[in-house]
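To keep things clear, I will list the structure first and then write my remarks on it.
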Amino acid sequence: MANVLVFAEVRAGDLRKVALEAVTAARQLADLSGGGSVHAVLAGDAGIAVKAASLAEYGADSVLVLEHAGFAQYNPEALAATVAQRLGSGTYGFAVFSATAQGRDLSPRVAAKLGSGLAPDLTGFSVDGGTVSGQHFNMNGKTIATLSLSGSPAVLSVRPAAFQPAANARPLVTEAITSAADPSASRVKVVELKQGNTGKLDLNDAPVIVAGGRGLKAAENFKLCDDLADAFGNAAVGATRAVTDEGWRPHSDQIGQTGRNVSPNLYIAVGISGAIQHLAGMRTSKTIVAINKDKDAPIFKVADYGIVGDVFEIMPALTAAVKAAKAQG
Amino acid sequence: MNGAAAVKIAVCIKRVPVMETKFAIAADGTRVDEAGLKYDVNDFDLWAIEAGLQLKEKNGNAGEVVAICLGPDTAQEQIRKALAMGADRGVLLQAPTVPADGLAIARALAAELKDGGYDLVLFGRIAIDSMNQMTGPMVAELLDLPCVTNVFKLEIAGGTGRAERALEGASEVMEFPLPAVLTIDDGLNKERLPSLKGIMAAKKKPLDVKPAQLGELKVAVTKMVLPPERAAGRILGDNADAVPELVRLLQTEAKVL
């Protein structure tokens with residue numbers, strides 16, 4: 001039996017969906033290791049405690065609430081000190097983080113403070129006699145390694161969307177905790193949070209991604225992708241490296257080897273030829289649709305469904321058809 | 001780091017296989033078969049080298065950029081590439097294989113960096129072979145230095161830095177004092193190509209080779225497999241005529257609409 005400490009990611013005062021995924025993964029890990037407790041760390045500005053209920057709903061036995069103005073923004077140094085202090089108390093066998101920019105910044109600091117092994121970005125795991133083994137993509141997504149962690153506490157992070165949030169309600173139990181280091185004394189300070197795609201889904205949260213490539217020919221033609229994403233209603237828009245290099249879309253939209261790795265339920269590649277670096281970032285999508293004028297484009301080799309032809313003719317027709325289908329459904 | 005003060009920058013680089021390769025699994029089932037693999041410097045580390053070189057140039061070329069690599073003897077080739085780009089000297093922390101335990105790597109690097117007097121220690125955001133992005137922040141923690149990861153905009157002036165780091169669909173602007181550890185993301189710059197002159201000069205630049213002090217390993221790769229191949233898909237037709245069939249399949253077969 002091992003207790004699990006899970007870090008619940010917050011951005012701009014809101015719990016992120018990945019926090020519920022991490023709690024779901026932590027619950028699985030506790031159950032697999034013989035029924036330990038799950039304790040979630042929730043840090044933020046005054047008032048963040050109201051978000052604790054969601055964590056209990058997805059399987060947290062207790063929510064450790066860290067309320068302080070110094071956590072209104074991400075505060076890596078004070079958070080690492082606080083999480084490491086809790087994790088090193090002897091209570092926990094494992095810590096779970098989300099494999100996001102925040103989790104992948106924080107988890108190595110915590111592991112280094114405690115001398116713990118860290119298995120990052122896992123898509124699944126199993127427990128055998130207290131040892132956790134997890135699956136992790138290597139070689140730019142071309143191989144899958146099983147990483148085995150020895151020693152306790154062991155630290156792991158879970159890939160966004162790999163664990164779908166599963167309701168597993170517990171009574172809401174909260175405990176107010178204090179920071180192990182003065183949050184205002186941290187050397188690294190966030191002076192501004194720039195939220196992109198305001199009101200739109202993030203690429204890691206969206207069940208559907210419409211991604212555009214050079215075949216769209218100009219920045220303004222991305223409207224075709226935006227329109228299709230709007231028709232789905234649960235979609236985000238991504239881009240290839242060629243597109244972000246041209247400045248047609250922001251760097252944060254880039255999918256591929258040097259950008260984001262995504263695994264949505266549906267990936268629609270529009271005017272994307274399918275360079276190996278792009279495929280590396282999206283080949284784990286559940287269903288892939290390719291729309292391209294070149295019938296020999298490599299994207300068709302990984303696509304479940306393909307349409308060969310002019311994206312400027314196909315996209316408006318597809319957007320209209322999706323709207324009609326949504327209206328019926 | 002303003003005015004004539006010399007700037008000392010370490011860039012930690014990794015030797016990785018060229019990814020445009022069809023990988024096979026080795027007979028022991030825990031690693032890729034190395035036969036026929038070609039190697040290069042990890043993309044993100046090239047951008048880190050470029051960032052280091054530009055910072056030194058902005059500073060009137062006073063100071064030093066040091067390329068440090070943990071890896072096998074053959075990784076000297078990757079250090080020579082960094083030297084050909086313009087780094088001043090190299091250090092190879094020799095290890096026959098690079099372990100899966102990021103903390104072990106970080107400890108060996110931190111031991112080398114500790115008394116080096118570096119103003120900045122730069123890493124690439126991620127190593128594309130292990131797909132780990134932990135070594136930079138671990139080194140920062142071991143050396144008790146400020147750290148910013150995923151940096152795609154950077155200004156350094158008067159002993160402080162201002163960096164913008166990439167999040168999912170957002171970014172954070174962070175301020176920090178030097179010395180510091182940064183991990184460099186795509187978008188900060190494009191790396192320069194080594195010139196012929198640079199390649200010739202690199203042969204004469206110092207490259208220290210010493211054993212890596214890895215210590216205890218707590219993470220091991222116990223199995224490696226290739227992901228299942230995607231079944232060949234269907235071309236549904238040409239142009240907008242194929243749209244109704246696509247929508248039907250998304251509803252009935254893929255069940256995503």
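Heads up, the Cβ atoms here are built off N, Cα and C, so glycines get one too.
Nobody curates TrEMBL annotations by hand; they come from automatic prediction.
Listed in TrEMBL:
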type	residues	note
BINDING	A:Arg214, A:240-241, A:254-258, A:271-278, A:Asn292	FAD binding site
DOMAIN	A:4-190	domain 'Electron transfer flavoprotein alpha/beta-subunit N-terminal'
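Structure with TrEMBL features highlighted.
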residue: A:Arg214; record: FAD binding site; Cβ within 10 Å: 17
residue: A:Gln254; record: FAD binding site; Cβ within 10 Å: 26
residue: A:Gln257; record: FAD binding site; Cβ within 10 Å: 22
residue: A:Ile272; record: FAD binding site; Cβ within 10 Å: 32
residue: A:Ala275; record: FAD binding site; Cβ within 10 Å: 19
residue: A:His278; record: FAD binding site; Cβ within 10 Å: 27
Interface-proximal binding-site residues, chain B, C-beta separation under 8 A, candidates A:Arg214, A:Gln254, A:Gln257, A:Ile272, A:Ala275, A:His278: A:Gln254, A:Gln257
Secondary-structure category, per DSSP, in which A:Gln254 (FAD binding site) falls: strand
Mean of pLDDT values spanning the domain 'Electron transfer flavoprotein alpha/beta-subunit N-terminal' (A:4-190): 96
